[in-house]
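Here is the structure we will look at, set down as structure tokens.
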Amino acid sequence: MVAVPKQVAGNSMLGNSSILGDVKCNSYLLFHGETALGNGLRGFLYFLGLAYCFIGLSAITARFFRSMENIVKHSRTVVEVDPHTNTEIIKQEKVWNYATADITLLAFGTSFPQISLATIDAIRNIGNLYAGGLGPGTLLGSAAFDLFPIHAVCVVVPKAGELKKISDIGVWLVELFWSFWAYAWLYIILEVWTPKVVTIWEALLTVLMYGLLLIHAYAQDKRWPYISLPLTRGERPEDWVPAEVASVSCEDDIYGGYTEILAVEEDKNEEIVDILSFHSEKQEHSIYRKVPAAEDSVESSNRPFQKEINLEDLHVLQLWKKQFMDALTLEKPESRKLNNAHLRVARILWQSLLAPWRLLFAFVPPYQIAHGWIAFICSLLFISGIAYIVTELTDIISCVTGINAYVIAFTALAAGTSWPDLVASKIAAERQLTADSAIANITCSNSVNIYVGIGIPWLINTAYNFITYGEPLRIENAEGLGFTLMVFFSTSVGCISVLVVRRLILGAELGGPRFWAWVTSVFFMLLWLIFVVLSSLRVSGVI
């Protein structure tokens, strides 16, 4: 008995039933009673739910980054023999290479919300001869958001007059080449090689190209002969990230007499964290540190004192307990010191809004366990769960409002799922002495979006169709995606050209005189608006 493939009528991205005018949408999220509400009210409520999911995504991403930071800080003992004296030299060496860490953990981690969303969309679409468009639309929109708005933020983040340039221009050129090739390759698949069709071999090649990117970037970083570009690396500071004043909290009742030292100053709700402190080449050979203890507003004697702490003595269960206590705390001690009552109320309301997410994510094990790998994996699972809810909400919003789901993907989904990229690049532009990781995160995330974010979902669908039906995967709106790729490619050339001009004239890609930094930022935002408007009009059939 031969299975009959399911066909998708009309626009496959609309999920259930598209509406025009007053036609009722019968899709719902939780209860069938939702369909009794008016379309306008439903659309408003679903958009609020989508925004709340993005808030949760930001909260879990903070824990994800913490675990990732703990992974990349892991080092190993290396024994070398001095050829002249034959003496053994013991030193600590980081397990993760700079370029590899940027492309894998940093770029892949910040792109995981989009990758997860696209993969879930592909799994839901198994059995259809036509590919779902929610994932590709979100990834293309995310690429534009990464390249334009995030560059716009990073260029004005450094202090006035401060210049930050790319140190290893060779690695950046390799990453830039593979980023541009990713979108050129996608256009070849959709419009040239097998128009409007994706075969299993094309999908497989797309995924394998991510491995080629890793190998090429690593070869350039190590300056392998015959493979790397003959470009000298700029001077790297000893401390890739300059040291900052530690934020210390004395909580002897929780930590059994020891004070926890945090690597950086965290946001009060732990939503923004420094994920890039692993770029410091300076190794800590001792687990003991002397840190000034925080003064208590009641019992302080106004005299600085020091405590010797042992990070390994912090018990896992105590740390886990603190996560739940923090999640249930609506007002921090810092907020009580504020004289502005309105600001205090606003903070309490914000903490109340975050409380359900923080309580849920408190179940993620502390990142101190197993070098952060357990928290890393658990965070990915939560991100996948939120991505699933986002895909369901997007389908219903498209059904209720009649807005083409590609337009939603280009705008709301792309911006919401790209928030981790924005946070990561902003922190890098603020704290790092060079622009390498800030810009590498942008270019590498765009490569990951195509090679992994589109490659894996297409590989899932093409493999199923090839085995079950002997058919390839068809792309229903290939012309629209092809047009979007052309617009993105054209505007991205303008973005990169401005970065090159800034390096030639100002001597750096980021920072510089405040006036020119803001001019550059505005120009990047205009490029993003051009991309969004033209792409939305094309997929909607207006142009």
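Placement of Cβ uses the backbone N, Cα and C atoms for every residue, glycine included.
The domain 'Sodium/calcium exchanger membrane region' annotation in TrEMBL covers 46-218 (among others).
If you look up TrEMBL, you'll see 372-535 (among others) marked as domain 'Sodium/calcium exchanger membrane region'.
Here TrEMBL flags 44-65 (among others) as transmembrane segment.
A Cβ distance under 8 Å defines the sequence-distant neighbours of the transmembrane segment (169-188), meaning residues of its chain 6+ beyond its ends; these are 99, 103, 143, 206, 209, 212-213, 216-217, 220-221, 223, 228-229, 231, 233-234, 436, 439-440, 443-444, 446-447, 449-451, 454, 481-482, 485-486, 488-489, 492, 496. Residues or ranges marked as transmembrane segment in TrEMBL: 169-188 (among others).
What TrEMBL lists as transmembrane segment is 200-219 (among others). Sequence-distant contacts of the transmembrane segment (200-219) (same chain, six or more residues past either end, CB-CB distance under 8 Å): 97, 99-100, 103-104, 171, 174-175, 178, 181-182, 185-186, 189, 193-194, 227-228, 444, 447-448, 450-452, 454-456, 458-459, 461-463, 466, 472-473.
Summarising the annotation, TrEMBL assigns transmembrane segment to 370-390 (among others). Listed as Cβ neighbours of the transmembrane segment (370-390) (distance under 8 Å, sequence separation of 6 or more from its ends, same chain) are residues 50, 53, 56-57, 60-61, 63-64, 66-71, 74, 112-113, 116-117, 120, 360-361, 363-364, 413, 416-417.
Sequence annotations record features per position, and here TrEMBL assigns transmembrane segment to 397-419 (among others).
The transmembrane segment annotation in TrEMBL covers 439-460 (among others).
As annotated by TrEMBL, transmembrane segment applies to 481-503 (among others).
Positions annotated as transmembrane segment by TrEMBL: 515-537 (among others).
Residues of the same chain lying 6 or more positions beyond the ends of the transmembrane segment (44-65) and with a Cβ under 8 Å from any Cβ of it are 29, 37, 109-110, 112-113, 269-273, 275, 353-354, 357-358, 360-361, 364, 367, 375-376, 379-380, 382-383, 386, 389-390, 393-394, 396-397, 400, 412, 416-417, 419-420, 423-424. Long-range neighbours of the transmembrane segment (481-503) within the same chain, counting only residues 6 or more positions beyond its ends whose Cβ lies under 8 Å from a Cβ of the stretch, are 133, 136-137, 140, 143-144, 147-148, 151, 165-166, 176, 180, 183-184, 186-187, 190-191, 410, 439, 475, 509, 512, 516, 520, 523-524, 527-528, 530-531, 534-535, 538-539. Tertiary proximity for the transmembrane segment (515-537) is limited to same-chain residues at least six positions away from its ends with a CB under 8 Å from its CB atoms, namely 140-141, 144-145, 147-149, 151-153, 155-156, 158, 404, 406-407, 410-411, 480, 483-484, 487-488, 491, 494-495, 498, 502, 506, 543.
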